[in-house]
Amino acid sequence: MGDGRAVAGGGGGGGSNRPAWLQQYDLVGKIGEGTYGLVFLAKTKLRKSCIAIKKFKQSKDGDGVSPTAIREIMLLREISQENVVKLVNVHINHADMSLYLAFDYADHDLYEIIRYHREKLNQPINQYTVKSLLWQLLNGLNYLHSNWIIHRDLKPSNILVMGEGEEQGVVKIADFGLARIYQAPLKPLSDNGVVVTIWYRAPELLLGGKHYTSAVDMWAVGCIFAELLTLKPLFQGAEVKGTPNPFQADQLDKIFKVLGNPNPEKWPTLSYLPHYQSDQHHIQTVKYESSCLHSYVHLALKSPAYDLLSKMLEYFRIDPLPGRNALVPIQPGEKIINYPARPVDTSTDFEGTTSIQPPQPVSAAVAIPGSVAASSVVPPRAVPRPISMIGMQRMPPASMAAFNIASQAGIGGLNPGGIPIQRGAAAQGHPQQLRRKDPGMGMQNTGYPQQKRRF
Ligand SMILES: Nc1ncnc2c1ncn2[C@@H]1O[C@H](COP(=O)(O)OP(=O)(O)OP(=O)(O)O)[C@@H](O)[C@H]1O
């Protein structure tokens, strides 16, 4: 963990009393803002490698970083798997007790990839890429769940995808475990402009369930999968704000409209959920059509993608097989999309003060295309290796306990490459599905709130 000793000058931004650890980075700019604070892009001075630094807000009561949080963070440092973003360093500024977590940097995230297809390319994401993204997401989640970590805030912006380089097209799950460290937003939502999204929230949480499992992550994965296919959120409910009540009638309504009425026959634990009883009017009196999920996602009832959405099983074993580089299709002749680099606001420094430099792309190597011209054709040697489905290992029995994605989703065999599975950190608590500040940089409002987050 970095120390908080202050030195005069140096570092990457304004201010004169900079902590010593900051000297190892050159700050490039701000890349986003979430529930817990700001995210910056920095480069290490030594190796010039890109690092995402997440600065956590001061806690409300000003008592700094709790020992529990520190313990949890140290556990997160032990987590290591290809599809989970690596926490590379932890720094504490003793002067103001602010916390900085340094992660490997990813050029893209699913939110931006989906938005790029919807708004710029006007074309669906190719099947190979959808499948590879989804497979890797499940692979990373399998690892987290096997380590008793439930993410609880899976959504497209938390699913990162690596840009050019050795790891191009590799999915990295971000933000795992953080909801546990910082259990609640530190400021009222209206104060910092962060918007909550409930679109990926599982119905058991919306119905007041407290003892939830890794199934809440699987629900979010299903929603993300549907969004990758259709380029729009599956269940876009409007949230009733200002109340700690988890019951969100509109979100549940959106879900039941697609999936049909819930009933204890299909869902045996349903009647134990607090809001199923207390809000019977909303839930039990409305008669929804039976499930029409397949038509929402424009998939035939018998299509493999639909089968996965409802059963999460067969899809990955048929052509096109998923690959490690999700962005470069395996078949020669298929188009490659050059996704734009993440925008960086170079006018904001670590202290939050601003200068006059305009936002810039991170790397000149990544084109910032405005149209389909951003596509090119896969040269034969760019063909990535597929993920082998043969010889995939089962989870060791010890890891197949209650909170195992594989057992929940029926994908016990999906553990390619013999990923070492460890058990360790437990991560549970309140789900936080909050969204970043609207940076108001001229995005059009098309009823898709997340799009406002970029500058
Ligand atoms: N390691 C990283 N590399 C590149 N970008 C990242 C990295 N981690 C986070 N980001 C980006 O920074 C932005 C803010 O992320 P952050 O996790 O703080 O907020 P969020 O996911 O929008 O909201 P929440 O805090 O509720 O999860 C997002 O666009 C996210 O994709």
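Using N, Cα and C of the backbone, Cβ positions are placed for all residues, glycine too.
Taking the Cβ of LYS55 (ATP binding site) as reference, residues of its chain lying under 8 Å away and at least six apart in sequence are, in sequence order, GLY37, LEU38, VAL39, PHE40, SER98, LEU99, TYR100, PHE350. If you look up TrEMBL, you'll see LYS55 marked as ATP binding site.
Taken from TrEMBL, the feature domain 'Protein kinase' applies to 25-337.
Look at TrEMBL and you will find 422-455 tagged as region 'Disordered'.
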- Query: If you average pLDDT over the domain 'Protein kinase' (25-337), what do you get?
  - Reply: 81
- Item | Secondary structure of LYS55 (ATP binding site) (DSSP, helix/strand/coil) | strand
